[in-house]
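Pulled from Swiss-Prot, these are the features on record:
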CARBOHYD  Asn50  N-linked glycosylation site
CARBOHYD  Asn104  N-linked glycosylation site
CARBOHYD  Asn223  N-linked glycosylation site
CARBOHYD  Asn280  N-linked glycosylation site
CARBOHYD  Asn311  N-linked glycosylation site
CARBOHYD  Asn344  N-linked glycosylation site
CARBOHYD  Asn466  N-linked glycosylation site
CARBOHYD  Asn528  N-linked glycosylation site
CARBOHYD  Asn577  N-linked glycosylation site
CARBOHYD  Asn683  N-linked glycosylation site
CARBOHYD  Asn724  N-linked glycosylation site
CARBOHYD  Asn733  N-linked glycosylation site
SIGNAL    1-19  signal peptide
Amino acid sequence: MLRLPLVLVWSLWASLTVAENGLNGWLRYAPIPCDGRCHKALPSRIVALNSTQGSPLETAIEELQTGVRGMTGKRLSVAKENNCNLHATALIATVEEYRRTCRNSSDIPDLDVDGFWLRTEGNNVQILGQSERGALYGAFEYLSMLAQGDFSSVDYSTSPHAPVRWVNQWDNMDGSIERGYAGPSIFFAQGQIVPDLSRAKQYARLLASVRINGIIVNNVNANATLLTPQNMDGLARIANVFRPYGIRIGIALNFASPDTLGGLGTYDPLDPSVISWWGNITDSLYERIPDMAGYLVKASSEGQPGPDTYNRTLADGANLFARALKPHGGVMMFRAFVYDHHINESIWTNDRANAQVDFFKKLDGQFEDNVIVQIKYGPIDFQVREPVSPLFANLYHTNTAIELQVTQEYLGQQCHLVYLPPLWKTITDFDLRVDHSPSVVRDIISGERFNRPLGGWAAVVNVGTNDTWLGSHLSMSNLYAYGRMAWSPTDDSVEILQDWIRLTFGRDQHVLDTITDMSMASWPAYENYTGNLGIQTLTDILYTHYGPNPASQDGNGWGQWTRADHDSIGMDRTVKNGTGNAGQYPAEIAEIYEDIDKTPDDLLLWFHHVPYTHRLDSGKTVIQHFYDAHYAGAETAQGFVPQWESLRGRIDPERYDAMRTRLVYQAGHSIVWRDAINNFYWNLSGIADTNGRVGHHPWRVEAESMQLQGYQPYAVSPFETASNYTAVVTTSNSTTGTASTTLDFPSGTYDVGVNYFDMYGGKSRWSLYLNDKVVGKWEGNSEDVLGHTPSIYLDGHSAIRITFNGVKVRKGDRLKIVGVPDGVEPAPLDYVVFLPQGVID
């Protein structure tokens, strides 16, 4: 495959002089080295057979013109008449129109719906789609090749893995986004659809370029007011924006809408008045949006209304909507995320992980053929590691789709770098061995394994108005990769990532290698410093889903239990002695999970309750593995900062600085995670770290041990989220606090870190002094910078570190920190750490 040589000086000049904020994502169409030879390798005109205004073919023309001009400076003309002459031409059409106009079909490969054929030879380019949407995908593919410097001749066809490739937005009518970390909604504000949908159009471009064909625009915890006539008109405007990109819109529904909006006094799915009401609503929507994709419903879960109120089945509920949609060709996506969040942990056999199979298996075959059951990838809730949901192996006669999460609800909320495809592939590549036959999850959701007509993919994305879309430039790799995987799930995670890097940051080899190394290390690192051995992400499940709080997993009805006590830990999900969850899997898989000696260590605590002293395959005990993994993960995160800093001057300053800020934050917050989890289990088990690290921090100065004026000690809760379990806060919200001490460290050059708490509801200010000389000043404004769910408490969510590098310190120097409170935030401090070169606290 021929790639044009990179003119390094020219490309560096381009990257340094063009400021980029991330809004274009991977569709930058940035200039590439292109001389006369390059121009000759490009077509000079575009012929689009039977293109109509507002069609995906017209969009393809616009993208080809914009892309080629942006990358090479060459302007492509558009032929006004249909012409099959390929000389110096990019011909784009549907297969049907090409056969009709050009009367030549001998060499066209067979394509599925949305598939395309791309053939390039010299400056002749042929793009044929089975549909107009497929032709648009082919145009984006050609532009992607050019953007990566690939001008080679190709001749290949590709078709989608599954017909449904949707994204879900959890946008609320007031403009907020549930589990969104990048600003308010691009669709809604103040109970209505926003008047300016320009960002929605840009989002449609990005989605179409990775072959997404459907979007649910509102939160699954839906508001019935979306169905007012005014808002239906607004939805039609959204559909008009997405239609030229081949994307059909759908909406999430509130099951009780016939009562709360329609005033019927009931929402019984078998009541004739309810059936009629939904039929009328559906007809009204299709009058406005003839190509509407369909509905998504969350019912009978987490307080959302559902058919169980009337002793009806989930199939009764799903079929209510499916039958209303069927005359219009719409799809009914029904979430399998149904469970009781008030179950009793004291009953050993209770298990939220059993809920999906318990609710849905008995209904297999009772759903209409346009219903797809949308199943989260694991049995609980988007954890850092879960086994495959057993429901995939228990629905033989029902269409299914997998639900992934691009938004990092439990995985660092875009403030921690976590490249997700390696995690997703542990699920999609897993062979469930149904009836002792190959039953790979990706083949189940495509419909191939059980011969189902529908199926596919859904991902919760939650972009916002932030210029980066997701809050973090590097998190966009997950959205790009999701689209690629939904089209072709056997694609390699590294190859997908590197295509995204070249499209997003250019073709500099050092940039490519560095971001690849960081990204591929990121999920293992996050798993290491959050939750190991299948114990789940040990975050605060009762509050933000962000920082550490392992105690929150237990003692409540939400069912994300660890059953940790002073001696042992883990869920016993065996049939023999536990909840029976292992028995929900096909026999070959059940045998593995039932037997502790066969269960892989990375899922040990998911399926087995063991003593902390249980030996793993590595020879380590469970508790020592916890300690070691948390230290290893945090150490990896520290390395992300110098790796990124090696890219200074190779990436434009705006994106470089924004990403460096997040990686520096992640390095500090990974230490918070490491210490919190290790201290919690050390305190619980009483078993010390054999390497003597946990609870031993010789380079720290605890704030409460310093001389305090205007500050007072404060017992932090959860206790483990503060070093030595204690912070200091100002004595009042109007009192300036001072903490000072004389340093006893050897003279030398140190990186000085200050761990503090940045609470929501105030922006305190701090100043750090050595011998009354200012080392640095900062403000507690992370809520304006980072975007994760904030906290009003001193805890693992608000805990944060700032570091001042290369500070010269002499033994006997006087350290002083002055904190000025603001609002409800009492300028809280945890500790100061003095790190010699090469030392990780």
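Note: Cβ is positioned from N, Cα and C throughout, glycine not excepted.
Locations of recorded Swiss-Prot features on the structure.
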residue: Asn50; record: N-linked glycosylation site; DSSP (3 states): coil
residue: Asn104; record: N-linked glycosylation site; DSSP (3 states): coil
residue: Asn311; record: N-linked glycosylation site; DSSP (3 states): coil
residue: Asn344; record: N-linked glycosylation site; DSSP (3 states): coil
residue: Asn466; record: N-linked glycosylation site; DSSP (3 states): coil
residue: Asn528; record: N-linked glycosylation site; DSSP (3 states): helix
residue: Asn577; record: N-linked glycosylation site; DSSP (3 states): coil
residue: Asn683; record: N-linked glycosylation site; DSSP (3 states): helix
residue: Asn724; record: N-linked glycosylation site; DSSP (3 states): helix
residue: Asn733; record: N-linked glycosylation site; DSSP (3 states): coil
Out of these glycosylation sites, Asn104, Asn733, which one has the fewest other C-beta atoms within 10 Å of its own C-beta?
Asn104
Distance check, please: Cα of Asn577 (N-linked glycosylation site) against Cα of Asn344 (N-linked glycosylation site), rounded to an integer number of angstrom.
18
Hey, how far is Asn528 (N-linked glycosylation site) from Asn683 (N-linked glycosylation site), Cα to Cα, in Å?
19
Tell me which residues of the chain lie with their Cβ under 8 angstroms from that of Asn50 (N-linked glycosylation site), as long as they are six or more apart in sequence?
Leu57, Asn82, Ala93, Thr94, Glu97, Thr101
Going by C-alpha positions, which of the glycosylation sites (Asn104, Asn280, Asn311, Asn683) is nearest Asn466 (N-linked glycosylation site)?
Asn280
Given the glycosylation sites Asn223, Asn280, Asn733, which one's Cα is the least distant from that of Asn344 (N-linked glycosylation site)?
Asn223
What whole-number Å value do you get for the CA-CA distance of Asn724 (N-linked glycosylation site) and Asn683 (N-linked glycosylation site)?
12
What is the total of other Cβ atoms whose distance to the Cβ of Asn223 (N-linked glycosylation site) is within 10 Å?
20
Given the glycosylation sites Asn280, Asn344, Asn466, Asn528, Asn724, the candidate whose Cβ has the fewest other Cβ atoms within 10 Å is Asn344
Using a 10 Å radius around its CB, how many other CB atoms surround Asn683 (N-linked glycosylation site)?
14
Using a 10 Å cut-off on CB atoms, tell me which of the glycosylation sites Asn311, Asn577 is the least crowded.
Asn311
Comparing the Cα of Asn280 (N-linked glycosylation site) with the Cα atoms of the glycosylation sites Asn104, Asn223, Asn311, the shortest distance belongs to Asn223
Could you measure between Asn733 (N-linked glycosylation site) and Asn311 (N-linked glycosylation site) for me? Cα positions, answer in whole angstrom.
54
Going by C-alpha positions, which of the glycosylation sites (Asn104, Asn311, Asn683) is nearest Asn223 (N-linked glycosylation site)?
Asn311
Give me the Cα-Cα distance between Asn104 (N-linked glycosylation site) and Asn311 (N-linked glycosylation site), rounded to a whole Å.
59
